[in-house]
Amino acid sequence: MNCFSCFYFHEKKKVPRDSDNSYRRNGEVTGRDNNKTHPENPKTVNEQNKNNDEDKEVTNNIAAQTFSFRELATATKNFRQECLIGEGGFGRVYKGKLEKTGMIVAVKQLDRNGLQGNKEFIVEVLMLSLLHHKHLVNLIGYCADGDQRLLVYEYMSRGSLEDHLLDLTPDQIPLDWDTRIRIALGAAMGLEYLHDKANPPVIYRDLKAANILLDGEFNAKLSDFGLAKLGPVGDKQHVSSRVMGTYGYCAPEYQRTGQLTTKSDVYSFGVVLLELITGRRVIDTTRPKDEQNLVTWAQPVFKEPSRFPELADPSLEGVFPEKALNQAVAVAAMCLQEEATVRPLMSDVVTALGFLGTAPDGSISVPHYDDPPQPSDETSVEDSVAAEERERAVAEAMEWGVASRAHSRNPSAS
């Protein structure tokens, strides 16, 4: 059954933009017109009021818990600075405690003139109300009082992956190899659920380190669904969309054409996996010019497997299984293929990563998957060869994982 069929959206007037392309640089969308309203422009105010009424009609049909603005102001001590735990182009995030239940939550207060508008607000509430998975952040509820727009999430005590990988303070301990693979696997499983289990499929469209939240045990959950879109259904191969996302993470074909597929998310995942392997930001202007773009810098290394260890984050200090690192780099390279059709499915990625953890307790588990669909007669020779190469790499990763775990159980056998 289509889980989105019970919601009806009014067609809204599209607001003209200065540019057809929008990106987030350093976590923020660029190229967008904030379209601030002014009292001296009654038409704009009337249109905003009309949109607010339409938004209320949609949100009234959503089953998520509703909060009053007063309740959330109380929970966050009137949005005090001491409760602030994050901010960006969309607004601010506060840590709060719900008075009625005592639950600790994260409250995202959207900037009314910011980068996440009413449409993105509704998309996020809708998506997270209908999609439930252990690797998606849990939406507790929302507030749509007047022109206030707030989202209430479960509180993730470790913050974001960005906090622990790319914004380390001098006293922070770098993530070890197993934790990095655990985080990568969690994010991959979240994407796999969106692509393969949701009906219709959902394209996340904004995967990045800042949107991967971590609980106390460093389990990863995807957050911020304001840019998510329903994927193609039936005979359609893609959906067309105005280019949105974060600079450096967008798939090249989506950037060029605006044509969006689940393989666009696979590319973004490849970027995040490469960040986990290297400890580098995808775009870092503080580095030498030829190293500022992470993917461009890594591409020559992808062609020489003997050089894969060069990509390892120096903060790991060599403490990682070299073959597991090589397989992780191979997975990242496949995800970052220029041609979208030869990138792996997220189910392939989940399988491969599930065998690259080295924890003795086997805490990184791999769920059961159905057999992948067989290629049609119309599949090109190039696609078939690429699929075989992908399957071979996944098989090698699985073989390595089995051997590694067997060795950890019986080291004297080697």
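Here the Cβ of each residue, glycine as well, is placed from N, Cα and C on the backbone.
What Swiss-Prot records for Cys3 is S-palmitoyl cysteine. The feature domain 'Protein kinase' is assigned by Swiss-Prot to 79-356, with sequence analysis given as support. Taken from Swiss-Prot, the feature active site, proton acceptor covers Asp206. Among the features that Swiss-Prot reports, phosphoserine is placed at Ser240. As annotated by Swiss-Prot, phosphothreonine applies to Thr246, with the evidence given as similarity to another entry.
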Would you mind pulling the DSSP three-state label for Asp206 (active site, proton acceptor)?
coil
Asp206 (active site, proton acceptor) to the residue listed as 'phosphothreonine' - Cα separation in whole Å:
7
Confidence summary (mean pLDDT) of the domain 'Protein kinase' (79-356):
91
